[in-house]
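Novice: To start, I am sharing the structure in question, which I have written as structure tokens.
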Ligand SMILES: Cc1cc2nc3c(=O)[nH]c(=O)nc-3n(C[C@H](O)[C@H](O)[C@H](O)COP(=O)(O)OP(=O)(O)OC[C@H]3O[C@@H](n4cnc5c(N)ncnc54)[C@H](O)[C@@H]3O)c2cc1C
């Protein structure tokens with residue numbers, strides 16, 4: 001196994017067969033496959049167990065049929081319909097078929113799932129998961145209280161340690177090195193910045209897997225951690241590679257009102273009910289069959305509609321209620337302990353006896369780095385870049401289409417994380433290292449020096465706040481040409497202010513000031529792609545609800561968006577070209593989406 005390191009001119013050089021960027025669920029699941037067969041390094045800006053996967057609450061879907069009849073085919077149908085028919089159906093079939101093993105793999109690694117009285121893995125209901133093609137909700141989500149992601153992350157980490165994965169913790173990947181070879185474009189390695197020392201590290205690898213998670217911090221009100229700034233997606237974008245379906249950003253219905261902190265859909269899975277100011281269970285009007293357990297796009301829209309129609313609660317009538325009071329203290333304390341505490345701590349509301357104020361919160365990126373079913377990154381609709389992989393929330397396979405179902409992401413990171421790890425290690429077995437150009441680190445060194453030594457006057461915090469506020473206002477659950485154009489104009493202004501940011505900390509060690517500025521650059525890039533893609537899609541589908549084009553238009557828009565960067569950095573705009581990619585339909589023709 002290749003594994004070396006050295007220092008030249010103050011830059012550290014390392015060599016590993018497989019490089020994984022990101023130590024969350026997807027990255028560690030990949031590492032567990034790769035490490036036994038090849039030298040494997042995980043480069044992660046967070047200590048692995050602090051990754052956002054650890055915040056996942058409700059569960060992981062798999063049609064185990066432990067508590068009632070279920071099938072992979074029903075799960076596939078729900079995933080396709082939940083994605084408003086933009087889901088690639090062959091990919092969804094892989095997801096649901098491999099779900100079963102994905103859960104048992106975790107169980108065998110030691111994950112303490114909740115159990116049924118007879119000792120099987122217990123399962124709960126979740127939005128959009130149904131029995132027999134939409135007839136009624138089904139119990140499909142495997143869970144560990146409301147700490148499923150925490151348990152997954154701890155379990156994967158322990159197994160990575162067991163398999164000898166080498167972790168580079170608090171290392172920020174800032175660039176991907178690709179070179180032209182006689183065989184075409186190839187991956188040579190990754191350039192990273194070490195937080196503790198401010199030193200630059202160049203990692204040479206035969207295969208590179210991106211597993212850097214989402215970019216919820218383009219929004220102000222979000223369930224996402226502060227670290228979810230889309231670095232990996234941004235790095236890929238800056239390399240001139242496409243991004244897919246970026247306009248589809250999911251709003252989770254139940255964020256704590258005004259804060260965005262998440263209350264899992266598992267609460268509704270256990271029987272909690274959404275009510276408007278007058279106490280009406282309004283989801284009965286919007287989704288008569290499965291009501292509060294409709295998919296997230298539908299529930300979030302219905303909540304916003306209630307508020308727009310004046311039926312919201314509170315002094316400003318700007319939220320609705322999640323009513324858990326009929327569930328009883330025991331269910332809340334044993335199956336939903338964390339969210340019960342969140343409501344008490346952050347809103348001073350006790351869900352055992354009071355209704356909890358909730359409103360949609362920016363939650364999940366359906367779009368991202370386009371890959372095929374083998375987790376290989378695409379440079380157009382079909383062409384793969386040998387040796388380059390992506391998995392998890394940063395990737396777009398696309399198994400989630402226009403709207404992800406709850407519990408399908410923890411599933412995605414396990415199924416496609418495993419596939420990425422396996423395929424990367426297979427590739428690394430036969431491939432040679434590609435020579436690193438001598439100037440591999442120059443771009444990053446120059447960018448950081450310019451930022452650190454710049455004499456600008458702009459504040460990173462202010463630009464970030466302005467970005468998040470315009471996205472919250474203008475690229476929301478409901479959007480129109482007018483609101484999106486406003487967002488785009490705001491982003492352009494912020495982009496032209498960005499090169500003028502001032503870094504207050506000029507030091508090298510733990511310079512988080514500097515890294516926040518770098519992260520803001522990725523957020524600005526990605527927000528623009530989201531908005532430009534959203535302007536271009538003149539229909540309503542899944543999470544993308546255009547008030548000015550309120551219906552789904554399968555004739556013109558039953559296609560994935562592919563966004564390409566056309567120009568080098570020009571300040572206000574990056575130059576974005578949009579194209580389409582066909583949706584792969586294997587079974588289910590699009591029909592009207594009713595629940
Ligand atoms: C509050 C909350 C609750 C959720 N609940 C559920 C649920 O119940 N069920 C479900 O299916 N889904 C849920 N989700 C969604 C799901 O948890 C995530 O989509 C999924 O865990 C993402 O995993 P990941 O491995 O792709 O990314 P993450 O877990 O976010 O990991 C990203 C990794 O990338 C690293 N990284 C990022 N940038 C860099 C960089 N520049 N250099 C080096 N490393 C970098 C980070 O250090 C981190 O280790 C929830 C999400 C949230 C926010």
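The backbone N, Cα and C atoms fix where each Cβ goes, glycine too.
Heads up, TrEMBL stuff is auto-annotated, nobody curated it.
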Novice: Considering the substrate binding residues 252, 363, 404 given in TrEMBL, which of 264, 345 is annotated for that site as well?
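Specialist: For the substrate site that includes 252, 363, 404, TrEMBL also lists 264.
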Novice: For the recorded positions 50, 54, 252, 296, 404, which residues place their CB under 6 A from an atom of ligand 1?
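Specialist: Near the molecule: none at all.
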Novice: Starting from the Cβ centroid of 252, 264, 363, 404, which together make up the recorded substrate site, report each further residue of the same chain whose Cβ lies within 8 Å of that point, ordered by sequence.
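Specialist: So the additional residues around the site are 223, 250, 253, 262, 265, 296, 364, 406.
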Novice: Would you give the longest CA-CA distance, in whole angstrom, between residues of 252, 264, 363, 404, the set recorded as binding substrate?
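Specialist: Farthest Cα pair among residues binding substrate: 14 Å.
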Novice: In whole Å, how far is residue 264 (substrate binding site) from residue 58 (FAD binding site) when you measure between their Cα atoms?
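Specialist: Computed Cα spacing between residue 58 (FAD binding site) and residue 264 (substrate binding site) is 6 Å.
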Novice: Given the recorded positions 52, 252, 296, 404, and counting only Cβ atoms in the protein chains shown, which has the most within 10 Å of its Cβ?
Specialist: 404
Novice: Measure the Cβ-based neighbour count of residue 26 (FAD binding site), defined as the other Cβ atoms within 10 Å of its Cβ.
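Specialist: There are 36 such Cβ atoms around residue 26 (FAD binding site).
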Novice: Among the binding-site residues 50, 363, which residue has the largest number of other Cβ atoms within 10 Å of its own Cβ?
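Specialist: That would be 363, with the most Cβ atoms nearby.
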